Every structure is written in structure tokens, then in C-alpha cells.
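Presented below is the structure to which this report refers.
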């Protein structure tokens with residue numbers, strides 16, 4: 001079949017006939033994901049996630065399929081939706097659905113469907129019964145967590161969803177109001193048993209920290225993003241490979257010789273700059289932080305403002321996690337055929353709403369020409385959403401093994417040791433677990449560790465088996 005499955009089924013995918021293709025790619029990915037496979041082997045007998053009901057909101061890719069099957073192998077019950085309307089790989093969703101996991105993810109789904117699916121991943125049991133909702137959330141960007149918090153507030157006071165400031169907020173607020181009209185205590189009940197959330201990305205961590213600081217975070221949280229084996233690998237090395245993959249698949253453009261502007265020089269920006277420089281682009285960087293700006297300059301990149309670069313650069317990449325990084329006045333000033341894309345989590349880094357009034361011409365899915373009144377056109381990729389997942393398939397399996405090993409370990413930590421973590425607080429995994437994730441991946445790349453002697457360990461004041469660095473160490 002090639003149509004979306006019937007709405008009454010406990011899933012929403014594009015095409016179940018893609019399951020065999022998805023399964024073949026999952027098998028390939030498993031060979032490149034040694035961390036997850038080692039965790040399965042270590043914990044399968046103990047079933048540490050038995051009894052866990054995990055609501056998952058994370059890009060429904062082949063690599064995520066391996067994560068889902070790892071969580072299930074450790075005993076968890078899982079319901080899953082994508083955290084981005086363009087990031088789903090439909091054959092991955094089909095393979096997971098064919099295995100019996102409720103999946104709600106279709107590449108190119110509408111925002112209305114997106115929020116409907118995000119609601120549906122909380123429906124574990126019958127209304128008013130124990131186990132009605134999840135007891136764990138695995139989040140990427142914080143939308144599932146946001147939904148529970150905003151929904152509970154709206155149950156008490158609908159005015160909190162009365163004044164949307166964007167089209168996405170309008171759709172989200174409408175979905176919340178409709179749910180409350182249908183079931184006035186749905187959000188309170190669905191979140192009643194949640195032990196905690198593990199958060200994948202920088203943007204979601206910002207949301208968690210804000211709620212924790214205000215005293216409004218309802219449950220425990222582990223910040224997976226700031227594990228070294230996530231942020232210094234997924235964010236940097238993953239983006240270093242997947243950014244250019246997305247740009248190339250979308251445009252077939254020659255990178256060499258072009259001026260490429262990277263907005264932001266954090267871990268993601270560093271990886272993007274390295275990738276573009278490796279293909280011999282002239283890389284320019286914008287930054288607000290003097291330390292990051294100096295780092296970029298010391299790497300040989302020209303540090304400029306967006307106003308300076310707008311009419312000069314050929315390729316623009318936003319990586320900041322902030323909003324309005326590329327605004328209307330910048331796009332008006334750009335060259336004809338400038339390429340504009342984003343690799344930050346949300347679509348508000350580029351002010352796409354400000355150019356919706358102009359004529360759009362779809363070149364192919366997720367590649368649009370925006371034609372200005374003077375006839376100039378820019379090429380906008382993935383409508384300002386994640387270019388590496390909208391126009392390609394995201395990060396390679398190996399680096400996602402490192403990220404998802406952290407996610408799995410974090411889920412085990414929160415679920416099995418809830419008393420060790422205080423509700424309303426945000427934690428990072430202990431360094432010993434961070435080092436464990438790294439160890440699980442060394443053999444695959446042929447790396448051999450040097451072992452300290454007793455005397456050496458005593459001299460520098462560490463245990464022979466680690467951890468080897470202070471928590472304040474900057475890798």
C-alpha cells in the first residue's frame with residue numbers, strides 16, 4: 001500500500017510496505033552503532049527498563065530505530081513521534097511500526113498532524129487507570145515536555161494559550177484548547193506518573209534550564225546534550241558530515257571557492273565551518289560571544305556581522321539555537337541564487353514568515369526558490385528547518401550511537417534510581433558514564449587505550465580505571 005494507514009489504527013506512517021527496506025537499513029546501521037549494541041548485550045538479561053513506558057519525541061530515522069529497539073530490548077514499552085515535520089525516514093517508521101511499536105511520523109507531515117501525533121504518544125492506557133500515561137519522556141528539542149507543562153497550565157487558565165506569536169504557536173494552542181474542551185484533565189493525568197525526561201539537544205536543554213530556574217519544571221531531567229560524548233561528537237563531528245550532505249543533495253552546488261557564512265561558532269558551528277572549509281569554501285563566521293569569535297579567528301575564519309555578509313556570501317548556514325538570526329533585511333540584501341539553510345533545532349533562526357508574502361517556486365521537496373519583487377531569488381532549504389534531516393538523512397550511524405548510548409544510559413539512570421535525582425532539577429550524567437560511552441566505541445575505530453601504572457595514577461591523583469578529568473575540564 002502507498003497511503004497513510006487509517007487514522008483509527010494506533011499509528012500514523014506513510015507506507016507500511018516500506019518496512020522491509022527499513023529493516024535492511026536498520027541491520028546495516030546496527031553494525032555502525034557499537035555503543036547501542038553493547039548496551040543491549042550488557043543489560044538485556046537484567047531488563048532494567050521493564051515497566052518503563054517511554055514517550056519518545058525524536059527524529060524518526062534509521063538510527064532512531066536502533067535506539068527504539070534497544071529500549072525495547074531492555075524491557076521498555078515505547079510510543080514514538082518525530083520531533084520535526086521533515087526529518088522522518090518513512091521506511092524507518094514503517095519498519096518500527098511493523099515490529100509492533102506505535103509510531104506517529106510521516107515525512108512532510110503538517111503542523112496540525114505534528115501536534116496531534118505528539119499528543120498521541122502519551123496515550124498508553126485507558127482513561128483513569130494506572131499506566132494511562134508514560135512514566136518517562138525521551139525528548140529532542142523539548143516539545144513533548146513543553147506540551148505537558150503548557151497543557152497543565154492551560155487546564156487552570158486558558159489565557160496562557162490565547163495569544164500566539166507565530167503560526168506554529170497558533171496551531172499548538174488550538175490543539176491544546178481542543179484537547180481541554182474534549183477532556184479537561186488530560187494533561188494532568190498524562191503527566192501524573194512521569195519520573196523524568198532525558199533531553200537530546202541544546203534547544204531542549206535551554207527550555208529545561210529555564211523551567212528549573214523558575215521552579216516550574218514538573219519532573220527530573222537529565223541533560224544528555226552536555227555529555228561530552230554527545231556534544232563534542234554528535235554536534236561537531238555529526239554536523240561536519242551531515243551539513244554538506246544536505247546542501248549537496250538539495251542543490252548539487254560546488255562548494256569550493258564560494259563564501260560560506262556560518263552563523264554561530266558553538267560545537268555545531270565548528271563542525272559546519274570545518275566541513276565547508278574542507279571543501280575549500282571561504283568560511284566566514286558571525287558570533288555574539290567574544291570567546292567563540294576569537295576561536296573562529298584563530299582557526300583562520302573571517303569573523304563578521306550578518307549585515308556585512310548579507311550581500312557578499314553565497315551560502316548561509318544558521319547554527320545558533322536563537323531566533324531571527326537571518327532577518328528580512330538580510331535576505332533582501334542577498335545575492336541572486338544565494339543558498340539559505342539552518343541546522344539549528346527550530347525553524348525560527350531564519351525569519352521565513354517575513355518572506356512568505358513573496359512568490360515561492362518549489363524546485364523539489366524541501367527546496368524552494370523565493371522570488372523577490374525585483375526578480376532576485378534565493379534558494380531556501382527545508383523551509384528553514386533542519387537541512388541535514390530535511391534534505392538528507394541526518395548524522396551518520398556511528399556518531400548517533402554515541403548520542404543514543406547516552407540517551408539509553410540516562411533512561412536507565414532516571415528509571416532505576418529516581419531517588420538519586422530531585423524533581424525539578426536538571427542533571428548531567430556522571431563522567432564515569434560519559435567515559436563508558438567513549439570506551440564502547442573505541443574498538444570500532446581501531447583505537448587502543450594506554451593504561452596508567454599505579455605510580456602514574458597516584459602521581460596525577462586519579463583512579464586507574466577513571467574518571468580521568470575533573471568535571472570542569474574542557475575537552
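Cβ coordinates come from backbone N, Cα and C, glycine included.
What Swiss-Prot lists as substrate binding site is 61, 140, 200, 230, 234, and the listing cites sequence analysis. DSSP assigns residue 230 (substrate binding site) to a helix.
Within 10 Å of the C-beta atom of residue 203 (NAD(+) binding site) sit 19 other C-beta atoms, taking all shown protein chains into account. Residues annotated as NAD(+) binding site in Swiss-Prot, with sequence analysis given as evidence: 201-203, 235, 264-269, 287, 322, 343-345, 388.
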Checklist line | Pairwise CA distance, residue 264 (NAD(+) binding site) versus residue 61 (substrate binding site), rounded so that it is a whole Å | finding: 26
Checklist line | For substrate, whose listed binding residues are 61, 140, 200, 230, 234, the greatest C-alpha pairwise distance in Å | finding: 18
Margin query: Validating a neighbour-count step here. Other CB atoms within 10 A of the CB of residue 345 (NAD(+) binding site): how many?
Written below: 23
Next item on the list: Please tell me which one of the binding-site residues listed here (201, 203, 268, 345) sits closest to residue 140 (substrate binding site), measuring Cα to Cα?
Entry: 201
Item checked: Those binding-site residues of 266, 268, 345 having Cα within 10 angstroms of residue 234 (substrate binding site) -> 268
Note to self: Long-range neighbours only, meaning 6 or more apart in sequence with Cβ under 8 Å: which ones does residue 61 (substrate binding site) have?
What the structure shows: 87, 88, 89, 92, 389, 393, 394
Notebook entry, point to check: What is the Cβ neighbour count of residue 140 (substrate binding site) at a 10 Å cut-off, with all protein chains included?
Noted result: 26
Notebook entry, point to check: Just how many other Cβ atoms lie inside 10 Å of the Cβ on residue 230 (substrate binding site)?
Noted result: 29
